[in-house]
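*Asks:* Structure provided below as structure tokens; questions to follow.
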Amino acid sequence: MASSVSVKVFRLEVAQPRKPQSPPPPKPPSPPPPQSPPKPEKAEEPAPVPVEKPPEPAMSELTVGINGFGRIGRLVLRACLQKGLKVVAVNDPFIDLNYMVYMFKYDSTHGRYKGEVKAEDGKLVVDGNEISVFQCMKPSEIPWGEAGALYVVESTGVFLSVDKASTHLQGGAKRVVVSAPSPDAPMFVMGVNEDKYDPAHMTIVSNASCTTNCLAPLAKVIHDNFGIVEGLMTTVHAYTATQKTVDGPSAKAWRDGRGAHQNIIPASTGAAKAVGKVIPQLNGKLTGMAFRVPVADVSVVDLTCRLAKPATYAEIKEAVKKAADGPMAGILGYTEDEVVSSDFIGDTHSSIFDAGAGISLNDNFVKLISWYDNEFGYSNRVADLLSHMFSKEN
């Protein structure tokens, strides 16, 4: 039997070579981003014109801060309140709030304050006026600006120079009035030379001393009417807080260390020479001294001078009275009464001419007497100087 053979036939397929693929057509180029039209060439700018800094806005209200709550500081507050000035802050590192209330309310010389005084919410409140209280040692640390105090009365007796007093400006104050003679600050006596105040160039000023405030108005009247060739002044002055209740050390001036209520104490004063700073025509023509005497307040000036133009004592009295009733009203007073020192406690004048106490040797040589409350009269002038300075701001 024939065997069957199966034959498998394999078809060999030869792979056909691939046709080369044509590369994809190139993408059309993206259109260029729209271009802004070419900027015109920038012309060269002219140099900027310097613009003057505009002046600071005018102060809308006189607001006062007081540094030092001693005799003058407390009486300046009284004077400001009486005159309607707004005191917004007081600084004294040695007096806390409750003690301030007590010290302001009670005064052995000027009597109890007649209004309401209290501590409330950390502030001194006088007749409804809220006054911030600080206890900073350094003037630069007192936040006058936060309290809103634009003008500061420097009444510590410590920071007298322009350099020291100007540190108040670091806390936000705009101007400072030193309630004492200053070695280098411009000095002003109301009724005499306040017209020389220039707010553009004067930030720190001095209200001079209480004695200069008494002497200068009288000297101005006499010099304007008769001419002062030369003169000597003596102030019989009430004792002050810097003196001793009993004998104690005083290295610089030994006599100043003697008991104030026990003695008449000769002392130095620059008050007469300072008149030459506020009345330049009298510079070098006046000098003086003081006697410290056992009274707590009110002092008296004795001006002995030689006149250029002869005048009877009656003519001198007439000239002083005319000034007291006219241009120096409120600054210079005049009396013919038989007065003594205590009659002037609380008097707000700088100087009260005592017509009955003066004498003349002849028509060219006279002795003139004028009283002053060295505490309250002076404090009123501090308030007046503040008001005058503020009036020049606007």
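Heads up, the Cβ atoms here are built off N, Cα and C, so glycines get one too.
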*Asks:* Can you find which of Arg175, Arg292, Arg306 TrEMBL lists as binding D-glyceraldehyde 3-phosphate at the same site as Ser209, Cys210, Thr211, Thr240, Thr269, Gly270?
*Replies:* Arg292
*Asks:* Quick one: of Arg71, Ile72, Asp92, Ser179, His237, Asn374, which recorded positions lie within 10 angstroms of Thr211 (D-glyceraldehyde 3-phosphate binding site), measuring between C-alpha atoms? Sequence order, please.
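*Replies:* Passing the 10 Å Cα cut: His237, Asn374.
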*Asks:* Going by C-alpha distance, which of the binding-site residues Asp92, Cys210, Thr269, Gly270, Arg292 is nearest to His237 (site 'Activates thiol group during catalysis')?
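*Replies:* Closest recorded candidate to His237 (site 'Activates thiol group during catalysis') by Cα: Arg292.
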*Asks:* For Asn374 (NAD(+) binding site), which of these binding-site residues sit within 10 Å, Cα to Cα: Ser209, Cys210, Arg292?
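*Replies:* Passing the 10 Å Cα cut: Ser209, Cys210.
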*Asks:* Can you count helix, strand and coil residues in the domain 'Glyceraldehyde 3-phosphate dehydrogenase NAD(P) binding' (62-210) using DSSP?
*Replies:* 43 helix, 37 strand, 69 coil
*Asks:* Spatially, and counting Cα to Cα, which of the binding-site residues is closest to Asp92 (NAD(+) binding site)? Options: Cys210, Thr269, Gly270, Arg292.
*Replies:* Cys210
*Asks:* Between Ser179 (NAD(+) binding site) and Thr240 (D-glyceraldehyde 3-phosphate binding site), what C-alpha distance do you get in Å?
*Replies:* 15
